[in-house]
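J.: Would you mind keeping the following structure in view while I ask a few things?
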Amino acid sequence: MSIHLSFKSYSLPFIAAWQSAHERQWQRAGWLVRIAAAGDCGYGDAAPLPAAGTEAPAATVSRLHHWQQRVGQLSAVADDLTAIYAALAELAAAVPSAAPAADCAVETALLDLCAKLRGWPLRGWLSAQAVEIQCIPVNAALGAVSKQTAAAVTASAALGFRVFKLKVGIAPLADELRWLHTVAAALPSDGQLRLDANQAWDVDTAQQAIRALQQADLPIESLEEPLAQPTDAALVALQQQCDFALALDESLARRDWWTAPLTVPVRRVVLKPSALGGLRPTLALAEAALAGGVEVVVTSVLESAAGIWATAQVAAAIIAEQSVLNQTVMPRTLAQGLATSDWLARDLGAAPLVRAGYLHLNDAPGSGFVPHPT
Ligand SMILES: O=C(O)CCC(=O)C1=CC=C[C@@H](O)[C@@H]1C(=O)O
Ligand SMILES: [Mg+2]
């Protein structure tokens, strides 16, 4: 027997341009990683998105070549399981990774394979209690606030979503505030807005935005990455002015979160396994954040179903840990940013089902991802 790692590029069109303050994209490109051993195989998604804190695609592909060679070397001198565990140990030692999207894909494929060989759902490999978690509350990912209509928001609410994520920081603030009022008027009575400025604003604009949102009493659940220069001092001051949570997302990748104790100047962190080097580093960072009373939300990087299944598995593990660790700090489970598969016009396999505002996992061994026949 031997272990074989292969990867195949994919390019999946979006149904409409995905726009943030950082970028505007019409398609999602990446590599589907497959690791075959011991009569089974595991899959991972290498989906670099530099704006979200990953490496550039050229670095992803060169890192995948590295792992292809390394897995071959390991399997030449050990039995399959020993070689798989050795590769997982090398991945763990590589954190913080210089190519987190590639490392995430290889780790995911190995964990998917290990879980399948044991007959466990992948989340059970990450946390024993997580097997119980079958449903994960998710937010609607609506896109840029400028593109919303009352009808679209009503339709999304009718699907069961209660948290609606919007991109801001793209158009002038006065226009975006006007559009936010229109969206808010179309929300169900218990609906909330999750905003993401993707580092668009200077401190003055961010303060102005927060003041206007609070004065208008809009139902803001949180605001991700308000500042172009996200210094701790500026973020602490801004969070003090806010009734709602501010969140770190893409700026997290540039923090020394692995060797130093985790200090977070805002109430929430948004974790993306592709930007953090894998599912286990994401779980470790989540545990450190939760232990410090920081809220945790896991989101996709708009990757294929191979990545969404795996990201949902680690989100379930974090939710399970959270209820054990931190019941009082985290009284309710926050909506996770995993409902992005509908942005893709086609996919590499069936994405997890999203119904009534929840993503549904199953008990199938592994991540749950099954590729479409090619
Ligand atoms: O959080 C969600 O609901 C979906 C994911 C999402 O919004 C993002 C994924 C990847 C890059 C960004 O455009 C954006 C984000 O910054 O959170
Ligand atoms: Mg974000």
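Using N, Cα and C of the backbone, Cβ positions are placed for all residues, glycine too.
TrEMBL lists 146-245 with the feature domain 'Mandelate racemase/muconate lactonizing enzyme C-terminal'. Here TrEMBL flags Lys167 as active site, proton donor. Here TrEMBL flags Asp196, Glu224, Asp249 as Mg(2+) binding site. The feature active site, proton acceptor is assigned by TrEMBL to Lys272.
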J.: Tell me which residues of the chain lie with their Cβ under 8 angstroms from that of Asp196 (Mg(2+) binding site), as long as they are six or more apart in sequence?
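T.: Sequence-distant Cβ neighbours: Ser20, Lys165, Leu166, Lys167, Val168, Gly169, Leu223, Glu224, Glu225, Asp249.
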J.: At a 10 A cut-off on CB-CB distances, which of the binding-site residues Glu224, Asp249 has the highest count?
T.: Glu224
J.: Identify which of the active-site residues Lys167, Lys272 has its Cβ surrounded by the largest number of other Cβ atoms within 10 Å, counting every protein chain shown.
T.: Lys272
J.: Where does Asp249 (Mg(2+) binding site) sit by DSSP, helix, strand or coil?
T.: coil
J.: Given the recorded Mg(2+) site (Asp196, Glu224, Asp249), which additional residues of the same chain have their Cβ within 8 Å of the Cβ centre, ordered by sequence?
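T.: These residues sit around the Mg(2+) site: Leu195, Ala197, Asn198, Leu223, Glu225, Ala247, Glu250, Val270.
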